[in-house]
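Below is one structure, written out as structure tokens; the observations come after it.
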Amino acid sequence: MEVHELFRYFRMPELIDIRQYVRTLPTNTLMGFGAFAALTTFWYATRPKALKPPCDLSMQSVEVTGTTEGVRRSAVLEDDKLLLYYYDDVRTMYDGFQRGIQVSNDGPCLGSRKPNQPYEWISYKQVAEMAECIGSALIQKGFKPCSEQFIGIFSQNRPEWVTIEQGCFTYSMVVVPLYDTLGTDAITYIVNKAELSVIFADKPEKAKLLLEGVENKLTPCLKIIVIMDSYDNDLVERGQKCGVEIIGLKALEDLGRVNRTKPKPPEPEDLAIICFTSGTTGNPKGAMVTHQNIMNDCSGFIKATESAFIASPEDVLISFLPLAHMFETVVECVMLCHGAKIGFFQGDIRLLMDDLKVLQPTIFPVVPRLLNRMFDRIFGQANTSVKRWLLDFASKRKEAELRSGIVRNNSLWDKLIFHKIQSSLGGKVRLMITGAAPVSATVLTFLRAALGCQFYEGYGQTECTAGCCLSLPGDWTAGHVGAPMPCNYIKLVDVEDMNYQAAKGEGEVCVKGANVFKGYLKDPARTAEALDKDGWLHTGDIGKWLPNGTLKIIDRKKHIFKLAQGEYIAPEKIENIYLRSEAVAQVFVHGESLQAFLIAIVVPDVEILPSWAQKRGFQGSFEELCRNKDINKAILEDMVKLGKNAGLKPFEQVKGIAVHPELFSIDNGLLTPTLKAKRPELRNYFRSQIDELYSTIKI
């Protein structure tokens, strides 16, 4: 049968008939068809496309075959074998920087700025040159090029930190960071524990603090302080009197330049960093982190996000989170091994927004406290009902796209509503990651929509080199911390006294992989508490597996928790101090990971309160006094005074209290038979008072 006969058979017009029909159409109609076709083609070519997820997002982790303990691994992996290195030639921090030199083609590496000035950059090879000079100078001063040689850094984030760090790694030395918030006693402890004989300090004020320890014979091991900024000769003379050499960083570089030593790079198993964690009780613990630990964790991040993101020399990171913590160290390591640029903030968090506008970063790691401030500021500026409605409406439209896996910053809502928010961060951010403490699902979901970039949430701790779980590309839901990273396994173990059972998908989170640290420096007892005989790290966090294979953190094994800014709180220690208040019989200190401060429920002493109040000019029955707001204020002031005298840090002090007239007891279910507080029951019992305190207190 001929083709034209087939057309007739199916009553379909031949091409010649279609042409004749088209000729009869009016010009306006033809133009309309043409415009519609053009718009359809344009939409198809430019329509927003969902990011391709690396695995089935309904099952992001799978159980490891052959295990009976419910061990799970990332579904991104093809089999049960964990990822060790993403790049075969990058196995140490030194290797990573050398790769950065190559892939960047000696491009800009580290940038800094002075007030009201643009960023000034030094190249990768310039950093490598300075690093070799610093390392060579240390060897000239008698320090050994080996992983038993510890070098202290006491500084804010700045280019010199990376240069000094690379100088240490070039010669297999180990970096020991120090930071202000540890306190003087903790710094003294670390200097002695790590036997630091040389410390690099950014400012003369920190050098003076270190000298005080030597002068008071508290840190006799310290012999050299290298200062980055300019300083007076008085400081040199002061150092000479107690046997400490004060030298400028530039002078040290010059010494190394004329005494160059061939690099002696480290092995993957060698120590890279001793990261001291503040903890809650006792002295800081020095987590021993190897080069393999760091590069393995970096590799896990790269593998988990490779379907949607690979860093490049065009990327720019804003460095403001403390380099003394592993989170920022890992982020910067990922950037450097891809030849990206790192721009440092001016050192003043109040100027961060100005730094962002000038630097225009593409990578922006954050902590929940900053996200909360951004969220509050955005909604604070939406000061009319119309503005608030528009903001809510636009965010809901963007959230709908997120649920479809679409991430973009060029929608109508971005142009009308969110452009100003995005511009405040420089306008070029393409990836954000948050960690260190939990973030509110409301805040995270809104900012994911408003900022229009890939926004990941991670979970981990220093002992697993910052991260062990990470949300995956395409899963922009909140309320979980993602799936196990491709570099480690996760399992949950029973916590019987808290009624958490691994068989029900709840229990203490345990981690195993090449990112798990070697132990605590010179502290076998606490190492044994953290690492079991099979190499599992016990985090102390209680987790729950969700149906999609992601992990949700729901509790702490011990009564220790973090506030929104990441500080650890030991409530029982604080309660024992507050119980010294004459008027207080019982106290329950409470904090939440999404709140920046503590509150407390206080039960006054029924026999003491009336006379205590009378001395302060208050009269009434016990119940009346408990309801008196002025009494509430007086009790709080007395507690805070006791806390200050006992050395509580500002974040350990409660900011508000609710006075309750009835004692916690076994009968009302708030105490155990051994008269210990049942904290979950107390939390639930006083939920309304807790919520009211958090809603009314502004700090």
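Placed from the backbone N, Cα and C atoms, the Cβ positions cover glycine too.
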Q | From Tyr9, Tyr231, Tyr500, Tyr578, the one Swiss-Prot labels 3'-nitrotyrosine | A | Tyr9
**Q.** Annotation match for phosphotyrosine in Swiss-Prot, from Tyr85, Tyr179, Tyr489
**A.** Tyr85
Q) Which range, 25-45, 319-339, 592-612, does Swiss-Prot list as transmembrane segment? A) 25-45
Q.
Just to confirm my parser: what is the rounded mean pLDDT across the topological domain 'Cytoplasmic' (46-699)?
A. 94
Q) Far apart in sequence but close in space: which same-chain residues, 6 or more away, have a Cβ under 8 Å from Lys387 (N6-acetyllysine)? A) Gln381
Q | Number of Cβ atoms other than its own within 10 Å, given for Lys208 (N6-acetyllysine) | A | 16
Q: Pick out which of the recorded positions Ser136, Ser621 has the most other Cβ atoms within 10 Å of its own Cβ.
A: Ser136
Q) Near Tyr86 (3'-nitrotyrosine), which residues of its chain come within a Cβ-Cβ distance under 8 Å, counting only those 6 or more away in sequence? A) Cys298, Ser299, Ile302, Lys303
**Q.** Of the recorded positions listed as Ser136, Lys208, Lys357, Ser621, Lys633, the one whose CA lies nearest the CA of Tyr85 (phosphotyrosine)
**A.** Ser136
